[in-house]
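Asker: Please find one structure pasted underneath; my questions will follow.
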Amino acid sequence: MGIGRFAFTPILPMMTAGAGLTAEAGATLATANYVGYLAGALAATLSPRLANSPAVLRSSLVAVVVTLLAMPLSDNPIHWAVARLVAGFASALVFVTAVNLMTDRLRHHSPHLAGWGFGGVGVGIAASGFLVLLLPEGVGWRGAWWTVAVLAAVLAGGAWSRHRHPGHVAVAADRSPSPRPTTGRWFAALLVCYTLEGVGYIVAGTFLVAAIEQSSPGWLGKSAWIVVGLAAAPSAALWAWLSKRLSHPDLLTAALALQAAGIALPAVAPGPVAALVGAILFGVTFIGVSTIALAAGAHLRVPRAVALLTAGYSVGQIVGPLLVAPLMHRGFHTVLLVGAGVVACAAATSVILRFGYPEPEFG
């Protein structure tokens, strides 16, 4: 999933240079992927059979690989948009079915073990970014897509039989008991906060490499993206561990503030140190924010809280590239600052949760 969704980020500058992809078209391709992801998430939410089917998991793994292979077959933006749309849909199904399997197998284990499972997204980001960085200069954007497709195929083969039929597992949705009438205002703030995070995070997730390469050598942008993946890999386990000691509101505010700073840093202080520190801050928080927000939603016991939060987050990911598309002519640094500003608004919204948040804050 990390490759299927995020390999586009380090390859985007190569497509801009070698295929004539404009910044506006890049934003459109990103949006197509997020629309597909939203559709896949909704399909899995509405159909428990779909979300728990080994056949769906396998076919979705195949679809991710095929869409990666399809990208270099044409230089038509419509072809690319369709491929990214299908990749998003398949990635969502891979994520939901994998979460169900992981939840089933780790039901009686420490929560931080599941955090390591979520860290697979970070490993995919780092591995694909590392391969793109190692490519010889003459390979070009087509060779980059072929390379990450081969990597995805190898990983899909490794995951092919690493599961059992989870027929008794409910869909990865909200298992919360009856609602608490007094939690509505906190959940509304959480939903707004998480939707804003979807907007801001995806702007950085799509354009971070291009923004760094705008004022630095190409190797630095690709290296920074590898750092994002390496920082993301252990982050969910780290935040799960911290949740035993601090409240969800405190953790959410801290994570969002750090993320806003990390997104803004490469834009306001060009250079290798700022780029790498920003990459670390972004990588260590974007999966962590999801972990904390979904746990807080489950604690508030609003019906279908996890589904509602996921929908808001997905909508935010669609809005993000569209929001910054008119600003592309000003450069990628401006785009990053907008993303950082939106995440800062999410952090400000999360402060509301700290006032009267129902006890206990965490399980």
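Cβ atoms here come from the backbone N, Cα and C positions, even for glycine.
Annotations per TrEMBL:
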TRANSMEM  55-74  transmembrane segment
TRANSMEM  80-101  transmembrane segment
TRANSMEM  113-135  transmembrane segment
TRANSMEM  141-160  transmembrane segment
TRANSMEM  186-212  transmembrane segment
TRANSMEM  224-242  transmembrane segment
TRANSMEM  275-298  transmembrane segment
TRANSMEM  305-328  transmembrane segment
TRANSMEM  334-357  transmembrane segment
Asker: If we call contact 3 or more Cβ pairs under 8 Å (sequence gap 6 or more), are the transmembrane segment (334-357) and the transmembrane segment (186-212) touching?
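Answerer: Contact between the transmembrane segment (334-357) and the transmembrane segment (186-212): present.
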Asker: To the transmembrane segment (224-242), which of 55-74, 113-135, 141-160, 186-212, 275-298 is linked by the most Cβ pairs under 8 Å?
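Answerer: Between the candidates 55-74, 113-135, 141-160, 186-212, 275-298, the best contact partner of the transmembrane segment (224-242) is 113-135.
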Asker: Any contact between the transmembrane segment (141-160) and the transmembrane segment (275-298), i.e. 3 or more CB pairs below 8 Å with pairs at least 6 residues apart?
Answerer: no
Asker: Report yes or no: does the transmembrane segment (305-328) come within contact of the transmembrane segment (55-74), defined as 3 or more CB pairs under 8 Å with a sequence separation of 6 or more?
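Answerer: The answer is no, given that the two segments have fewer than 3 Cβ pairs within the 8 Å cut-off.
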Asker: Between the transmembrane segment (275-298) and the transmembrane segment (113-135), are there three or more C-beta pairs closer than 8 Å, counting only pairs 6 or more apart along the chain?
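Answerer: Yes, these stretches are in contact.
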Asker: Quick test of the contact rule: Cβ under 8 Å, at least six residues beyond the ends. What residues does that give for the transmembrane segment (80-101)?
Answerer: 1, 4-5, 8, 28-30, 32-41, 43-45, 50-54, 56-57, 60-61, 63-64, 67-68, 70-71, 74, 117, 163-164, 166, 169, 171-172
